[in-house]
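Sequence annotations record features per position, and here TrEMBL assigns domain 'Ig-like' to 29-125, 130-206, 210-308, 311-386, 401-481, 542-633, 636-781, 792-871.
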């Protein structure tokens, strides 16, 4: 019984008319079943089917009796449905609205009770598409530099293969084919590129989503100029203009490596290319930068602005009182001026002819007493300022007990006569006596010699005690003697002790007083209110300016150590430390210096994050520092896994969730593996949806923590890596949301997964991301905030150059730095304080000298230095 397999095609779907092309079947009229013939008919398929348009009809015929028919699609029995039906006793198979999945191969079978036979395979030819037309660019855009080469590739699903036509911004190009090469591309080729896919059999079209190509010229020849010439504070306006070649899409301004922001005195033009500053101030001086950029290039120009100002208030540095001496005396004219001022010196109103910043008196005599005036003039600003300084020259004149009185009377005692002589004054002079700083008033027991050189007391009284001085006047020159104190009862007074002491260290002073009568020792500082009584009491001073510094704050558990340093003003100093509310004592990983001011913790743990404080105390006061927190990276540790639902076995098709956790800072990265094969997934949870038997196995979690111990540092290289899980076709980088191109400083390697920036500059600050894609998806990483660490730059100290005894001064240190610098102060080479500001406390003559501020950046490991000379005028007097 031969079996025949026929196909007919109709070009309509649904209930449309179908033409059936069938072969006649022979029916043998026998009453008993006959065996099926084993001879199969040969049939050729000539009809072409179009997806969704055509209907296929296949007919099966065979010779024999009592025949039954069945159909196969491949090796499986045919599944019937709305589009797939059998008619005419299963001899005819009808497939309406054919799709690309209906190609077969198809077979029909015939059988009766005594035999069975199968037809040959028949495969349908079905034309479909084009579908899903897409365009991809290499390299990935959308921004490109003029002159580069770009390859556009178009793809679509179609049978037969589609024919491609290219369109840019609505204009059809002459180029055809799946690839469009744009060689040496120029700005006029920018546009929206689309590919049109056409199937010549299905007569259908598919248009891709447009891809934007934006071609820009590289930035070059950037200049920054000021068209206004000389700038004078308070009078001039600066007009900075930034220009360059290329496609300029953005303009950024900086001053001294900080972003320049608009203000009442800083005005930007609408196109951001011009900045008007004014009226200018001295603080506007500095280095200005403008950066012109587009997504493929940038270039920077610099301009140094100098604002001329001053001279400001003139201060003359030098002593106010000196004795006649055979050595030089120098006065210094101190003022702020740009450019440096020219100087003129006057003495008592008369021009001296000296035009230098310093005025030197070679030999000091009486006639050098008077008023010294410095006049400073700026030849650019045309301004001048002056300051005066009075000098009193003392002859070595003294007040002493007269030697022409009995030896016993040379020691003052209540009830006895007593004579004081103004020694060292050569006539003709005028002598005036002073007591306790004021002119002396004589009473009936006091008298003066004819030349006023001797002061006599007929009988001393207690009220005559005090400080006595004589002033000698010779013409316009006035000289004051050293003082003499009438202290009743004292015979020999000898104070001893160090001339210099270290801040915070206890020192001892002893007063040896041999008295003719019972006496009490009193101490006075600068002849002021007594600070204590007796020769063994400590001279405590209140605790002030408690500060806390730390060596570093970003640390790794078990790897790193940290050192805290506590400083304060006051004497004596006792230090204690706290971590949170717990007091720290020396032992184990905690170490304290002998004086308690330095705390060191080794082998840090996650429980050492603080806050840390130091407490400083003495007998009369106490103070507490600010708090410092440590950022300690630790883990991962204590890794645990939870399975929901928790069972020993699961039925195929179950939904299973595996969740892991770990103690870690920063948060750990979790990777999953099954039977030691890494899975293409990450995260704390793994979802097994509709689990199948082939997912049976041992699931393992690997956790990683990324700790960036390297830091981006100015003028050094820095590398970012893009970690990608899964297959990837292309990778590119973005900065602040814009495509990042490589240039002479920016290099891409490792299939664009590694970004290296050489010679970092401050404009490299920003948010960096990597974007990875393949044929089915794309993924953008989280952003990395890059902040370039630099400095310290331009370390400087400001404060007064001259101060009086008993006063206190504040010296300020500043520097440009990221992160902010640590500040340490030294006086004449010895460390005295930390922090940006140094408060001296009550000054003495010993506080004159060189103050040095050292700035240090613990990230860049660089330091800066600035010095400041302070002159203290006056002296310390001890009253016994």
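Each residue, glycine too, has its Cβ placed from N, Cα and C.
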Helix, strand and coil counts within the domain 'Ig-like' (29-125) (DSSP): 3 helix, 38 strand, 56 coil
Feature contact check the domain 'Ig-like' (792-871) with the domain 'Ig-like' (542-633), CB under 8 Å, 3 or more pairs: yes
Secondary structure content of the domain 'Ig-like' (401-481), with strand meaning DSSP E or B: 7 helix, 35 strand, 39 coil
For the domain 'Ig-like' (130-206), mean pLDDT (0 to 100): 88
The domain 'Ig-like' (311-386) - residue tally per DSSP class, helix then strand then coil: 3 helix, 38 strand, 35 coil
